[in-house]
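One structure is given below, encoded as structure tokens.
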Ligand SMILES: *Cc1c(COP(=O)(O)O)cnc(C)c1O
């Protein structure tokens, strides 16, 4: 198995090179040269397996320059208890006869980002070794909240790596700030910037593309890399839980083996739902992929019209991890739907960069619509979904998952489709306890820890251990830097130690 770029199909790289590089030099995203498919026998063999065994079986199909033992070791190190609260790792819960929830947030930072960011730090050090890299990899991250903490926790004390995370000083929740400021590990640093998320992101991008800086840090034995969701090493672990959820439904009798299933996915950068599409291409019996957006509904419009247009207002919502107008991973889907025509993808992406918009031909639009349904949900709808799931099923949704719950319901009403549907749940409700309490008609306190306690009291759910401990951990990182000083901040951090 080798990898090609969505913007240059003649390129050929190994899995380890792709994981080390993250992004292709032509600006494209790495994709597998073909989709390995599972026979019915191979699918059946997954049924009795543990999550870890399923993960090994699926990921090794792509990681051809890793040995079976290496993949197995990576998987076992990534997905273990008590790092994950549940031994089944991605736990499914039945809501009614046709609806289940797959909880992807039982990892150390209570968001689904852990599913990938526990695995990537296992794969990357091996990729460094396999590609003969001798420098220390310095991972730079700009975060609006969830990614930063999950990356820090994944990479803490991972040999051969260091990490610097930048977040907007006033742009993250109290819990998210505390999660990062109290981060442990000798190889990590966290810096708040006096600016917004866009400033953090463009600052990090500027550091990546600064050749002079790259040469300067290379002399000290460092190489910059990225852990954001365009790295194939983050996409790959996400394919696993689509297969695993399917197996769990079959094993619990909710689905007959071979029956098709719908997945509803709260979507931002299109990474999670794309993994569902990849699973389908590998032979998983998927009927529809329901792409759920919040008020930033650029994808809903795309699936309805074939035109992607980011020229629109940007809204801050109570599902901040989906507040995004450029869904980077959509490029990988377009590449497949366009028959892997790299010239077309280049054309669309340059139109997006120059004019903020592009339109795909009707054939591509139709191909998208046969698999995907796009829907969106505003703030009031999100609150209603939280309230309804709680009163109807006694189940507590976080605001991101609530968007998917609402859109799945709209889809069902609109189409009459009663296919078994799995809602991909991306965050613990405790991570957004203020919004959840407010949707359930309770008072919201100024102090986040009071809200955690109130939500626990109300729902009978326990506060995830790492979140409960935050109150007691010492703050290690309190530096704030000007948005123009990010290079200086990185150099200072690398100088220490
Ligand atoms: C990142 C994130 C999403 C969006 O996932 P994508 O892969 O970017 O589409 C949804 N919900 C939560 C809680 C997240 O952290």
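Heads up, the Cβ atoms here are built off N, Cα and C, so glycines get one too.
Automated prediction, rather than curation, is the source of TrEMBL annotations.
What TrEMBL records for this protein:
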DOMAIN    3-79  domain 'Threonine synthase N-terminal'
DOMAIN    80-425  domain 'Tryptophan synthase beta chain-like PALP'
MOD_RES   113  N6-(pyridoxal phosphate)lysine
Cβ-Cβ neighbours of the residue listed as 'N6-(pyridoxal phosphate)lysine' (radius 10 Å): 31
Stretch-averaged pLDDT - the domain 'Tryptophan synthase beta chain-like PALP' (80-425): 94
Secondary structure tally of the domain 'Threonine synthase N-terminal' (3-79) (DSSP, helix then strand then coil): 34 helix, 12 strand, 31 coil
